[in-house]
Amino acid sequence: AGMRFFLQYVGCFFAFFSTGFLIASTWTDCWMVNADDSLEVSTKCRGLWWECVTNVFDGIQTCDEYDSIFAEHPVKLVLTRAMMITADILAGFGFLFLLLGLDCVKFLPNEPLIKLRICLVSGVMLLIAGLPGITGSVWYAVDVYVERSSLVFHNVFLGIQYKFGWSCWLGMAGSLGCFLSGALLTCCMYLFRETSSGRLHSAYSLRKGYSSAGTIVTNMHLPSSQTATAKMYAVDTRV
C-alpha cells in the first residue's frame, strides 16, 4: 500500500507540472526568439498567437496579435496550435481524473478497484496527451532550425533570424512529463490492480467458506425429522 501511495503522488506531481508546462507553452509568446540579440537593442519573440518586442534598455514590451484564426496562416503555426490545444485538453482531464483516483481523496472510499481503474484511465490520457505535445514542440523547433540553417547555408540575411525559445522548451518538458506520469500510472498501477484483485478474490472466497461452514454447523444442530409426539405437541400448542 505504501508503494502504491508513493507512485500515485509521484505521478500526480509530474502530471501537475506537465499540464502546467503545456498550458504555459501554448499561451506564451516565445516559441521563436531572435538569435542575433547581441546586435539588437530589442528582443523579439514570436508565439502561437502574437509577437512581442522587448527593449533591452528600459524593458518596455509591446505585443502585436496575429490575424483572426480564420485568416491564412503558415501550416506550421496552425498545426502546432491544434496539437498543443489537444495536448492541453487531454492532460487537463488526465490530471483531474488522477485527483479522483488518489487514495487520499474521499471519492468512492469503499471501491479501491474502481479508484485504481480511474488512475489507469488518467495514465492513458496523459500518455496520449504527450504525443501531440511532443510532436508539435519538436516539429516547430526542427522547422525553425531548418529554416535558419538554410538561410545561413545560402548566405541569406533578412535582418532578423530566429531560434526556438523557452516556450518551445516548456512544451517539450511538459510532454515528457506526461509520458513519465502516464507510464507510472499505467504500468506500475496495473501491477497493484492485479494484486488487489487477487486479495479481494481471496477474501471473498474466505468469507464464502466461513459462511458455508456456519451453515453446515447450524444444520447439524437441527433435527433431520420430527417425531410423531413432537408433531402432536405442536398441533396441540397451535390449538
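Cβ coordinates come from backbone N, Cα and C, glycine included.
The transmembrane segment annotation in TrEMBL covers 7-27 (among others).
Sequence-distant contacts of the transmembrane segment (82-102), counting only residues of its own chain at least 6 positions beyond either end whose CB sits under 8 Å from a CB of the stretch, comprise 8-9, 11-12, 15-16, 18-19, 22-23, 25-26, 48, 115-119, 121-126, 128-133, 135-137, 171, 174-175, 178, 181-182, 185. What TrEMBL records for 82-102 (among others) is transmembrane segment.
For 114-142 (among others), the entry in TrEMBL reads transmembrane segment. Only residues 6 or more beyond the boundaries of the transmembrane segment (114-142), in the same chain, are considered here, and those with a CB under 8 A from a CB of the stretch are 8, 11, 15, 18, 22, 25, 31, 76, 79-80, 82-84, 86-91, 93-98, 100-103, 107-108, 164, 168, 171-172, 174-179, 181-186, 189-190, 192-193, 196.
Marked as transmembrane segment by TrEMBL: 169-192 (among others).
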